[in-house]
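Trainee: First, the structure itself, so that you have it in front of you.
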Amino acid sequence: MIAFHFLITSIGLVLIGLYGVITLRHPIKILMSIELILNAANINLVAFSTENLIGQGFASLVIAISAAEVCVGLAIVYNLYRLKKDIDVMEVNALKW
Amino acid sequence: MQSLMLIISFLVLISALMVILSEDMVHSALFLIFSFGGVGALFLSVGAQFLGAIQILIYTGAVGVMMLLMIYFTSKEGKSIKREGKYSGIVLVGLLGFLILYPSISITREVGGTKGLTQNIGRLLFSDLLIPFEVISIVLLSAIIGATYIIRREDH
Amino acid sequence: MYFELTPYLIMLIVPLTVVAIDLVINSKRIPYLLTIIGILISISLFLDILLSGTSFNKYMISVNKFSIYLSIIFLIGGILTATVSNEFLESAHAEFYSLLSFSLLGMMLAVSTKNLIMIYIGMELASLSLIPLVSFFKKKEKSTEAALKYLILNGISSALFIYGISLFYVSTSTTNLIQLSKISLGPLSLPALAFVVVGIGFKISAVPFHFWAPDTFEGAPTPITSFLSSSSKKMGFGVALLIFPMALASYQANWTTVFAILAVGTMTLGNIAAIKQENIKRMLAYSSISQSGYILIGLAVATKIGLAGSLIQILAHNLGSGAAFILIGGIALTINTELIEEFKGLGKSSPLIALALTICLLSLGGIPPFAGFLSKFILFLSAIEENMLWLAVIGIINSAISIYYYANVIKNMYFYDKQIKSEISRPFKIIAVFAILSLIAVGLGYDPILELAIEAANTLT
């Protein structure tokens, strides 16, 4: 029962993150949604590392990488803001074609 | 203990939803930090002490503060957040949710244990995960080089 | 004993040295020369390992024929980019070359392993170093927007990929590909597969997930566009080739169908969109999408010969499109435009560049005797062998369509009398000669390469 409870939390987080990625247009908010998906993966990796610790070790590496990703991402968002001077045009149609 | 964990999971999900739905950027950043903290508490509840600690240090600390900083730098007041494809998004995510939730009902594994002590993780990071762990340092270095190059002003 | 790791160490030492030297001497030449020499040493070390026939499998690193084959392809893409980059850059040479080398190291690590952890970290190293490179002209809005799009799509793709890995871990408690192949994935197999396929689909810009590619390719600095098309995309294919045939062999019926559908969609949509493009960089970006579709045919067939065909198509596309993007960048530097119409008269004013571009395009279109013909021939043959005639027929129709828009460029270059000034600098001429020679060499002297590709495909299953 308790396993199911962790799985549900992680699935809920990944679905919420995906909904954000699909519908939102603001780059910082999309970055937030991506972080939610990464957290969902980390819950799986940590909670189910009963047989070996690899999952927990992996999760700690994922945390480090996602911090690096946010760092680069925010640098680019700030640079775009500096070029355009207006947040309103800074919408990305990332998932549109 | 278990009911406490249920409440925390519920709060994590609610605040994650508020990150997406909130109109105010600062509010969503604060909800995001709250959600990160809740996930950290979930880590602690399965005995993953090291992970719980760095989750709170790096996510609620570093990432959360960085997000807030960027919002203060770039946002203007009174602008609403635009959203597109609300309903198609719900349909898509709902279908996917069914696809994952339906098979996961039959997962009956135990979780937890007391293996996640800092000592054990440290041993693991310097034995099995040695090369990935070293490569992480290169990832961080290249992220620093890239981010400082982009942010740097070259007026002078 | 650890000789097999030296090429990786070289690609680590080079960027660190470049950054360290930049603190003391601010030079244009030193980072450029160091990077090129480092890549050449790395390639020759890989060839040495290949000839001595040793392999390495420890600490999550696994150096075998497959990883060496793909690593050399990435390094060739890197050297094509590095050779001409000084013509585009104005400042910050050290940052550019160190990030390029870091990115190459990440790509090499992502395919030189049998563990999902290393694959993920290698991919992240490669793409996190590439994002600043895409926005390297930071005063240009287009470049920064391209980088933002690349960053977001890359973030989504790796987040979905890692969620798929975490579902694998939930059902099997392992991240090792060899162990994964022995354990049943249980009820979570379908969602886990879906997440991994979508994550990789974004990386290789397969069709429902391709929309970021043309914008990013167009906005990025041209040498980086070449690098994205020739190496970064191939990393996604390398990862797909590592994961699917080996670890998920028991679910082959599921994923071959998915890849067949993706292949058809990717080839067709890429080609149709390429026809009406007027900007040549954008046209080649769409053609790069459609070429990815051919590589997917090999994954859809999933026999040894099919996988070998994929590997050769990876090589052919790496050489053809990498060189084509760079040559276009060289032409655009002198005539200041990327419109196909403005290429009129190029055949007379700079015959070498025009000839090289023609050969690149013919090879991409699959005309014998160039490299692209060989790879497509093997791929279509493998599809027919596996009773997937329809896949081969769609592939051949698409090749015919692609020749139409490639021929349009060639027609513009050769069949118009118009004087344009073009003084193309020496690095581009080196690339032109290299492209002509290598595309013909792969197309004609294919025996050792074919053999190597088949041996590399053998290590996958």
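Yeah, the Cβs are placed from backbone N, Cα and C, and that goes for glycine too.
Nobody curates TrEMBL annotations by hand; they come from automatic prediction.
From TrEMBL, here are the annotated features:
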type	residues	note
TRANSMEM	C:6-25	transmembrane segment
TRANSMEM	C:66-84	transmembrane segment
TRANSMEM	C:96-111	transmembrane segment
DOMAIN	C:114-402	domain 'NADH:quinone oxidoreductase/Mrp antiporter transmembrane'
TRANSMEM	C:117-138	transmembrane segment
TRANSMEM	C:150-170	transmembrane segment
TRANSMEM	C:190-213	transmembrane segment
TRANSMEM	C:257-274	transmembrane segment
TRANSMEM	C:294-316	transmembrane segment
TRANSMEM	C:322-340	transmembrane segment
TRANSMEM	C:352-375	transmembrane segment
TRANSMEM	C:387-407	transmembrane segment
TRANSMEM	C:428-446	transmembrane segment
Trainee: Contact between the transmembrane segment (C:352-375) and the transmembrane segment (C:428-446) is defined here as three or more C-beta pairs under 8 Å separated by at least 6 residues; is that satisfied?
Mentor: yes
Trainee: Would you kindly list the residues that approach the transmembrane segment (C:322-340) from elsewhere in its chain, counting only those six or more residues past its ends and only Cβ-Cβ distances under 8 Å?
Mentor: 76-77, 80-81, 83-84, 87-88, 222-223, 225-227, 229-231, 277-281, 283-284, 346, 350, 353, 356-357, 360-361, 364, 408-409, 412, 420-425, 427-428, 431-432, 434-435, 439
Trainee: What same-chain residues lie close to the transmembrane segment (C:6-25): Cβ under 8 Å, and 6 or more beyond its ends?
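Mentor: For the transmembrane segment (C:6-25), the far contacts come to 31, 34-35, 38-39, 41-43, 45-46, 49, 61, 71, 93-95, 97-102, 104-105, 108-109, 112.
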Trainee: Mind checking which residues reach the transmembrane segment (C:96-111)? Cβ under 8 Å, same chain, six or more beyond either end.
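Mentor: Non-local partners: 7-8, 11-12, 14-16, 18-19, 31-32, 34-35, 38-39, 61, 66-67, 70-71, 74-75, 78, 81-82, 85, 89, 118-119, 121-130, 132-133, 136, 227, 231-232, 234-235, 238-239, 242.
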